[in-house]
Amino acid sequence: MNPQAKLIFTISLLMGTTITISSNHWVMAWAGLEINTLAILPLISKSHHPRAIEAATKYFLTQAAASALVLFSSMTNAWYTGQWDITQLTHPTSCLVLTTAIAMKLGLVPFHFWFPEVLQGSSLTTGLLLTTIMKLPPIALLYMTSNTLNPTLLTSMAILSAALGGWMGLNQTQIRKILAFSSISHLGWMTIIIVYNPKLTLLNFYLYALMTTAVFLTLNSINALKLSTLMTTWTKTPALSAMLFLTLLSLAGLPPLTGFLPKWLIIQELTKQNMALAAVALSILSLLGLFFYLRLAYCATITLPPHTTNHMKLWHTSKPTSSSISILTTVSATLLPISPLISTMI
(Lines of atoms letter the chains of each structure in order from A and count residues from 1; the text may use other names and numbers.)
(Lines give C-alpha, C1' and ligand atoms only; values in the text may rest on other atoms or scores of the structure.)
Protein backbone atom coordinates (compact mmCIF):
# COMPACT_ATOMS: atom_id res chain seq x y z
CA MET A 1 0.00 0.00 0.00
CA ASN A 2 1.10 3.56 -0.75
CA PRO A 3 2.70 5.06 2.43
CA GLN A 4 0.73 8.33 2.02
CA ALA A 5 -2.55 6.38 1.78
CA LYS A 6 -1.62 4.32 4.83
CA LEU A 7 -0.86 7.52 6.76
CA ILE A 8 -4.25 9.05 5.78
CA PHE A 9 -6.11 5.89 6.87
CA THR A 10 -4.22 5.72 10.18
CA ILE A 11 -4.90 9.41 10.95
CA SER A 12 -8.59 8.90 10.04
CA LEU A 13 -8.71 5.91 12.38
CA LEU A 14 -7.31 7.93 15.28
CA MET A 15 -9.56 10.89 14.45
CA GLY A 16 -12.71 8.72 14.31
CA THR A 17 -11.86 7.13 17.66
CA THR A 18 -11.15 10.54 19.24
CA ILE A 19 -14.42 12.04 17.91
CA THR A 20 -16.50 9.17 19.33
CA ILE A 21 -14.91 9.01 22.77
CA SER A 22 -14.98 12.79 23.26
CA SER A 23 -18.49 13.57 21.94
CA ASN A 24 -21.64 14.28 23.94
CA HIS A 25 -24.02 14.30 20.97
CA TRP A 26 -25.23 11.04 19.40
CA VAL A 27 -24.76 12.24 15.81
CA MET A 28 -21.10 13.13 16.47
CA ALA A 29 -20.50 9.73 18.08
CA TRP A 30 -22.13 8.04 15.09
CA ALA A 31 -19.99 10.09 12.67
CA GLY A 32 -16.84 9.00 14.55
CA LEU A 33 -17.87 5.33 14.28
CA GLU A 34 -18.45 5.74 10.53
CA ILE A 35 -15.04 7.39 10.00
CA ASN A 36 -13.47 4.49 11.92
CA THR A 37 -15.20 1.87 9.77
CA LEU A 38 -14.28 3.55 6.47
CA ALA A 39 -10.64 3.99 7.56
CA ILE A 40 -10.08 0.34 8.54
CA LEU A 41 -11.69 -1.21 5.42
CA PRO A 42 -8.75 -0.46 3.04
CA LEU A 43 -6.31 -1.74 5.69
CA ILE A 44 -8.21 -5.06 5.88
CA SER A 45 -8.40 -5.51 2.10
CA LYS A 46 -4.92 -4.17 1.21
CA SER A 47 -3.48 -7.61 0.31
CA HIS A 48 -6.12 -8.10 -2.49
CA HIS A 49 -6.38 -11.76 -1.49
CA PRO A 50 -9.94 -13.18 -1.85
CA ARG A 51 -9.93 -13.97 1.89
CA ALA A 52 -9.07 -10.32 2.70
CA ILE A 53 -11.79 -8.98 0.38
CA GLU A 54 -14.29 -11.36 2.01
CA ALA A 55 -13.20 -10.18 5.47
CA ALA A 56 -13.58 -6.51 4.45
CA THR A 57 -17.07 -7.17 3.03
CA LYS A 58 -18.20 -9.01 6.19
CA TYR A 59 -16.77 -6.25 8.37
CA PHE A 60 -18.48 -3.50 6.33
CA LEU A 61 -21.92 -5.16 6.36
CA THR A 62 -21.82 -5.87 10.12
CA GLN A 63 -20.56 -2.41 11.09
CA ALA A 64 -23.02 -0.67 8.75
CA ALA A 65 -25.92 -2.56 10.37
CA ALA A 66 -24.62 -1.73 13.86
CA SER A 67 -24.19 1.98 12.98
CA ALA A 68 -27.75 2.09 11.62
CA LEU A 69 -28.97 0.62 14.92
CA VAL A 70 -26.99 3.23 16.91
CA LEU A 71 -28.64 5.99 14.87
CA PHE A 72 -32.08 4.38 15.21
CA SER A 73 -31.63 4.04 18.99
CA SER A 74 -30.56 7.68 19.45
CA MET A 75 -33.39 8.97 17.19
CA THR A 76 -35.99 6.93 19.11
CA ASN A 77 -34.67 8.33 22.39
CA ALA A 78 -34.67 11.90 20.99
CA TRP A 79 -38.26 11.40 19.72
CA TYR A 80 -39.55 10.41 23.17
CA THR A 81 -37.36 12.54 25.46
CA GLY A 82 -36.13 15.42 23.29
CA GLN A 83 -32.53 14.65 24.33
CA TRP A 84 -29.57 14.02 21.98
CA ASP A 85 -27.11 13.80 24.88
CA ILE A 86 -25.37 10.40 25.10
CA THR A 87 -25.69 10.19 28.89
CA GLN A 88 -29.47 10.89 28.73
CA LEU A 89 -30.43 7.61 27.05
CA THR A 90 -33.48 6.73 29.16
CA HIS A 91 -36.08 5.16 26.86
CA PRO A 92 -36.20 1.33 27.38
CA THR A 93 -36.48 0.48 23.64
CA SER A 94 -33.53 2.76 22.85
CA CYS A 95 -31.44 1.08 25.56
CA LEU A 96 -32.24 -2.37 24.17
CA VAL A 97 -31.43 -1.38 20.56
CA LEU A 98 -28.20 0.33 21.65
CA THR A 99 -27.09 -2.77 23.58
CA THR A 100 -27.66 -4.83 20.42
CA ALA A 101 -25.76 -2.31 18.27
CA ILE A 102 -22.74 -2.19 20.58
CA ALA A 103 -22.72 -5.99 20.90
CA MET A 104 -22.54 -6.14 17.07
CA LYS A 105 -19.75 -3.56 17.00
CA LEU A 106 -17.70 -5.42 19.63
CA GLY A 107 -18.45 -8.98 18.53
CA LEU A 108 -20.25 -10.08 21.69
CA VAL A 109 -22.27 -13.32 21.63
CA PRO A 110 -24.75 -13.76 19.88
CA PHE A 111 -23.38 -11.25 17.32
CA HIS A 112 -19.86 -12.68 17.28
CA PHE A 113 -19.87 -14.70 14.03
CA TRP A 114 -18.15 -12.04 11.89
CA PHE A 115 -15.17 -11.41 14.17
CA PRO A 116 -13.06 -14.62 13.84
CA GLU A 117 -13.59 -14.62 10.05
CA VAL A 118 -12.55 -10.98 9.67
CA LEU A 119 -9.49 -11.45 11.86
CA GLN A 120 -8.48 -14.57 9.92
CA GLY A 121 -8.66 -12.63 6.64
CA SER A 122 -6.56 -9.71 7.92
CA SER A 123 -2.82 -9.35 8.44
CA LEU A 124 -1.42 -9.43 11.98
CA THR A 125 -0.99 -5.63 12.16
CA THR A 126 -4.58 -5.02 10.98
CA GLY A 127 -5.73 -7.72 13.40
CA LEU A 128 -4.02 -5.79 16.18
CA LEU A 129 -6.00 -2.65 15.24
CA LEU A 130 -9.26 -4.63 15.10
CA THR A 131 -8.79 -6.16 18.56
CA THR A 132 -7.60 -3.00 20.33
CA ILE A 133 -8.26 0.50 18.92
CA MET A 134 -11.47 -0.50 17.06
CA LYS A 135 -12.97 -1.75 20.35
CA LEU A 136 -12.39 1.55 22.16
CA PRO A 137 -15.27 3.69 20.68
CA PRO A 138 -18.02 1.08 21.36
CA ILE A 139 -16.66 0.50 24.89
CA ALA A 140 -16.62 4.30 25.44
CA LEU A 141 -20.32 4.45 24.41
CA LEU A 142 -21.09 1.54 26.78
CA TYR A 143 -19.22 3.39 29.55
CA MET A 144 -21.23 6.60 29.00
CA THR A 145 -24.62 4.84 28.91
CA SER A 146 -23.88 2.11 31.50
CA ASN A 147 -26.19 3.48 34.21
CA THR A 148 -29.29 3.08 32.00
CA LEU A 149 -28.61 -0.29 30.35
CA ASN A 150 -30.29 -3.57 31.33
CA PRO A 151 -27.95 -5.45 33.73
CA THR A 152 -29.66 -8.84 33.21
CA LEU A 153 -29.20 -8.68 29.42
CA LEU A 154 -25.56 -7.59 29.74
CA THR A 155 -24.81 -10.33 32.29
CA SER A 156 -26.37 -13.00 30.04
CA MET A 157 -24.39 -11.80 27.00
CA ALA A 158 -21.20 -11.61 29.05
CA ILE A 159 -21.45 -15.18 30.40
CA LEU A 160 -22.34 -16.51 26.93
CA SER A 161 -19.36 -14.63 25.44
CA ALA A 162 -16.97 -16.06 28.03
CA ALA A 163 -18.37 -19.56 27.41
CA LEU A 164 -18.39 -19.45 23.61
CA GLY A 165 -15.06 -17.60 23.37
CA GLY A 166 -13.39 -20.32 25.43
CA TRP A 167 -15.27 -23.24 23.89
CA MET A 168 -14.75 -22.35 20.22
CA GLY A 169 -11.08 -21.51 20.67
CA LEU A 170 -10.26 -25.06 21.82
CA ASN A 171 -9.93 -26.80 18.45
CA GLN A 172 -8.43 -23.96 16.38
CA THR A 173 -5.03 -24.26 14.68
CA GLN A 174 -4.93 -20.73 13.21
CA ILE A 175 -3.41 -18.29 15.69
CA ARG A 176 -5.51 -15.31 14.53
CA LYS A 177 -8.75 -17.24 15.13
CA ILE A 178 -7.53 -18.28 18.59
CA LEU A 179 -6.85 -14.60 19.40
CA ALA A 180 -10.31 -13.65 18.03
CA PHE A 181 -12.04 -16.10 20.39
CA SER A 182 -9.76 -14.88 23.18
CA SER A 183 -11.01 -11.34 22.49
CA ILE A 184 -14.67 -12.48 22.65
CA SER A 185 -13.98 -14.19 25.98
CA HIS A 186 -12.28 -11.07 27.42
CA LEU A 187 -15.17 -8.89 26.23
CA GLY A 188 -17.43 -11.06 28.39
CA TRP A 189 -15.41 -10.07 31.47
CA MET A 190 -15.58 -6.38 30.49
CA THR A 191 -19.34 -6.41 29.79
CA ILE A 192 -20.46 -8.12 33.01
CA ILE A 193 -18.98 -5.43 35.25
CA ILE A 194 -19.85 -2.32 33.17
CA VAL A 195 -23.12 -1.61 35.04
CA TYR A 196 -21.63 -2.04 38.54
CA ASN A 197 -18.16 -0.53 38.15
CA PRO A 198 -17.49 1.01 34.71
CA LYS A 199 -13.92 1.99 35.63
CA LEU A 200 -13.06 -1.69 36.08
CA THR A 201 -14.20 -2.31 32.50
CA LEU A 202 -11.81 0.38 31.28
CA LEU A 203 -8.95 -1.03 33.39
CA ASN A 204 -9.64 -4.51 31.98
CA PHE A 205 -9.70 -3.12 28.43
CA TYR A 206 -6.43 -1.19 28.85
CA LEU A 207 -4.58 -4.21 30.26
CA TYR A 208 -6.12 -6.51 27.63
CA ALA A 209 -5.03 -4.09 24.86
CA LEU A 210 -1.51 -3.96 26.34
CA MET A 211 -1.13 -7.76 26.47
CA THR A 212 -2.75 -8.34 23.06
CA THR A 213 -0.47 -5.74 21.47
CA ALA A 214 2.54 -7.55 22.92
CA VAL A 215 1.29 -10.91 21.52
CA PHE A 216 0.45 -9.56 18.05
CA LEU A 217 3.77 -7.67 17.69
CA THR A 218 5.72 -10.75 18.82
CA LEU A 219 3.87 -13.00 16.35
CA ASN A 220 4.44 -10.42 13.62
CA SER A 221 8.15 -10.33 14.47
CA ILE A 222 8.53 -14.13 14.22
CA ASN A 223 6.01 -14.30 11.32
CA ALA A 224 3.84 -17.04 12.86
CA LEU A 225 0.24 -17.53 11.69
CA LYS A 226 -0.36 -21.21 12.52
CA LEU A 227 0.50 -23.45 15.46
CA SER A 228 2.77 -25.55 13.21
CA THR A 229 4.81 -22.42 12.36
CA LEU A 230 4.96 -21.45 16.01
CA MET A 231 6.58 -24.79 16.83
CA THR A 232 9.69 -23.94 14.81
CA THR A 233 10.42 -20.55 16.42
CA TRP A 234 11.97 -21.68 19.72
CA THR A 235 15.45 -22.21 18.27
CA LYS A 236 15.19 -19.03 16.21
CA THR A 237 14.38 -16.48 18.97
CA PRO A 238 14.53 -18.22 22.38
CA ALA A 239 14.31 -15.04 24.50
CA LEU A 240 11.32 -13.71 22.56
CA SER A 241 9.58 -17.10 22.74
CA ALA A 242 10.10 -17.20 26.51
CA MET A 243 8.51 -13.74 26.87
CA LEU A 244 5.66 -14.78 24.56
CA PHE A 245 5.08 -17.74 26.91
CA LEU A 246 4.70 -15.36 29.89
CA THR A 247 2.50 -12.91 27.95
CA LEU A 248 0.13 -15.70 26.88
CA LEU A 249 -0.15 -16.95 30.47
CA SER A 250 -0.80 -13.36 31.53
CA LEU A 251 -3.64 -13.14 28.96
CA ALA A 252 -5.02 -16.33 30.50
CA GLY A 253 -5.13 -14.52 33.87
CA LEU A 254 -2.68 -16.64 35.86
CA PRO A 255 -1.11 -15.12 38.99
CA PRO A 256 1.43 -13.60 39.56
CA LEU A 257 1.18 -12.01 36.08
CA THR A 258 -0.52 -8.76 35.00
CA GLY A 259 -3.63 -10.45 33.52
CA PHE A 260 -4.67 -11.77 36.93
CA LEU A 261 -5.32 -8.22 38.23
CA PRO A 262 -8.53 -7.33 36.28
CA LYS A 263 -10.01 -10.82 36.80
CA TRP A 264 -9.31 -10.63 40.52
CA LEU A 265 -10.91 -7.17 40.85
CA ILE A 266 -13.94 -8.15 38.73
CA ILE A 267 -14.60 -11.30 40.79
CA GLN A 268 -14.25 -9.22 43.98
CA GLU A 269 -16.74 -6.60 42.68
CA LEU A 270 -19.24 -9.23 41.51
CA THR A 271 -19.14 -10.86 44.96
CA LYS A 272 -19.84 -7.46 46.56
CA GLN A 273 -22.86 -7.06 44.25
CA ASN A 274 -24.29 -10.46 45.42
CA MET A 275 -23.47 -12.04 42.08
CA ALA A 276 -21.31 -14.85 43.41
CA LEU A 277 -22.91 -17.32 40.99
CA ALA A 278 -21.89 -15.22 37.97
CA ALA A 279 -18.37 -14.85 39.41
CA VAL A 280 -18.08 -18.65 39.83
CA ALA A 281 -19.40 -19.23 36.28
CA LEU A 282 -16.88 -16.77 34.79
CA SER A 283 -14.03 -18.28 36.81
CA ILE A 284 -14.85 -21.81 35.59
CA LEU A 285 -15.28 -20.65 31.98
CA SER A 286 -11.88 -18.93 32.07
CA LEU A 287 -10.36 -22.44 32.38
CA LEU A 288 -11.43 -23.07 28.77
CA GLY A 289 -9.40 -20.05 27.70
CA LEU A 290 -6.50 -21.20 29.86
CA PHE A 291 -6.39 -24.46 27.88
CA PHE A 292 -5.84 -22.83 24.49
CA TYR A 293 -3.40 -20.26 25.91
CA LEU A 294 -1.40 -23.15 27.39
CA ARG A 295 -1.57 -24.86 24.01
CA LEU A 296 -0.16 -21.75 22.32
CA ALA A 297 2.49 -21.38 25.02
CA TYR A 298 3.42 -25.06 24.68
CA CYS A 299 3.83 -24.71 20.91
CA ALA A 300 5.87 -21.53 21.31
CA THR A 301 8.38 -22.78 23.88
CA ILE A 302 8.29 -26.43 24.86
CA THR A 303 8.19 -28.04 21.40
CA LEU A 304 11.79 -28.56 20.34
CA PRO A 305 12.87 -30.08 17.02
CA PRO A 306 12.93 -32.82 15.94
CA HIS A 307 9.14 -33.08 16.07
CA THR A 308 6.44 -34.66 13.96
CA THR A 309 5.19 -31.46 12.34
CA ASN A 310 5.60 -31.53 8.59
CA HIS A 311 6.76 -27.95 8.26
CA MET A 312 9.74 -26.27 6.63
CA LYS A 313 12.28 -24.73 9.00
CA LEU A 314 12.30 -20.95 9.01
CA TRP A 315 15.43 -19.10 7.95
CA HIS A 316 17.47 -18.09 10.99
CA THR A 317 18.17 -14.36 11.15
CA SER A 318 19.93 -12.23 13.71
CA LYS A 319 17.31 -9.45 13.42
CA PRO A 320 17.17 -7.69 16.80
CA THR A 321 13.88 -7.60 18.72
CA SER A 322 12.32 -4.14 18.68
CA SER A 323 12.39 -2.22 21.96
CA SER A 324 8.58 -1.74 21.90
CA ILE A 325 8.06 -5.53 21.99
CA SER A 326 10.56 -5.83 24.85
CA ILE A 327 8.80 -3.14 26.90
CA LEU A 328 5.27 -4.44 26.20
CA THR A 329 6.08 -8.08 27.00
CA THR A 330 7.84 -7.07 30.23
CA VAL A 331 4.92 -4.87 31.35
CA SER A 332 2.44 -7.63 30.36
CA ALA A 333 4.09 -9.95 32.87
CA THR A 334 5.10 -7.70 35.77
CA LEU A 335 2.34 -5.19 36.68
CA LEU A 336 0.68 -7.24 39.44
CA PRO A 337 2.96 -6.01 42.29
CA ILE A 338 1.74 -2.43 41.77
CA SER A 339 -1.93 -3.48 41.87
CA PRO A 340 -2.60 -1.50 45.14
CA LEU A 341 -1.55 1.66 43.27
CA ILE A 342 -3.77 0.78 40.29
CA SER A 343 -6.68 0.01 42.67
CA THR A 344 -6.43 3.47 44.24
CA MET A 345 -6.49 5.09 40.78
CA ILE A 346 -9.82 3.51 39.72
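From the backbone N, Cα and C atoms, a Cβ is placed for every residue, glycine too.
Here is what TrEMBL records for this protein:
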type	residues	note
DOMAIN	23-288	domain 'NADH:quinone oxidoreductase/Mrp antiporter transmembrane'
DOMAIN	290-342	domain 'NADH dehydrogenase subunit 2 C-terminal'
TRANSMEM	56-76	transmembrane segment
TRANSMEM	96-115	transmembrane segment
TRANSMEM	152-171	transmembrane segment
TRANSMEM	178-197	transmembrane segment
TRANSMEM	203-225	transmembrane segment
TRANSMEM	237-255	transmembrane segment
TRANSMEM	275-294	transmembrane segment
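Using the rule of three or more Cβ pairs under 8 Å, pairs at least 6 apart in sequence, the transmembrane segment (96-115) is in contact with the transmembrane segment (178-197). The predicted model assigns the domain 'NADH dehydrogenase subunit 2 C-terminal' (290-342) a mean pLDDT of 76.
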